[in-house]
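Chemist: Below is the structure I would like to discuss, written out as structure tokens.
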């Protein structure tokens, strides 16, 4: 397994729409494993393949405190959503920035697991929010897209400054 490079805004590759996975095979499983390693290394709770420049419909999530409840979503589809909620969301592609984003409180999805087996899942709370956040990535949407143009500009400037400082270090 290896840690992959996470793309940061304003990288336009984050805006690409991911293509469906045609077959869950050893290559896809390796990508899933690398994505988990990357997510844990970056201290995230979710990661979409788009964020690591792989434009396939793959998401990994682990919202557990002990980091031992891996959830793999390949070709996820949103079946139902209900309620309204929101928390201050962060994103590995938008480092050190957070914003309140409106989300559905509960979701029902269908996806394939790491072995290519179909399943349905009903989620609420943090897991539901994380699923929606990561599914947005698969269509090229970022949490900051829900914000005003002024807030988006401020976030972009802060991230670009942070990346410049890290490049010098």
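Counting begins at 1 with the first residue displayed.
Backbone N, Cα and C define each Cβ position, glycine as well.
Feature table excerpt (Swiss-Prot):
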{"type": "ACT_SITE", "residues": "134", "note": "active site"}
{"type": "BINDING", "residues": "91, 133, 137", "note": "Fe cation binding site"}
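Can you tell me where each of these features sits in the structure?
Modeler: Taking the Cβ of residue 134 (active site) as centre and 10 Å as the limit, one finds 25 other Cβ atoms among all the protein chains shown.
In three-state terms derived from DSSP, residue 137 (Fe cation binding site) belongs to a helical segment.
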Chemist: Which three-state DSSP class does residue 91 (Fe cation binding site) fall into?
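Modeler: In the DSSP reduction, residue 91 (Fe cation binding site) maps to strand.
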Chemist: Looking at Cβ-Cβ distances, which residues of the chain lie under 8 angstroms from residue 91 (Fe cation binding site) while being 6 or more apart from it?
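Modeler: Once residues fewer than 6 apart are set aside, residue 91 (Fe cation binding site) is near 97, 133, 142, 143.
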Chemist: Taking the center of the Cβ atoms of 91, 133, 137 at the recorded Fe cation site, which other residues in this chain have a Cβ no more than 8 Å from that point?
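Modeler: Neighbours within 8 Å of the Cβ centroid, excluding 91, 133, 137: 46, 48, 51, 89, 92, 93, 134, 136, 142, 143.
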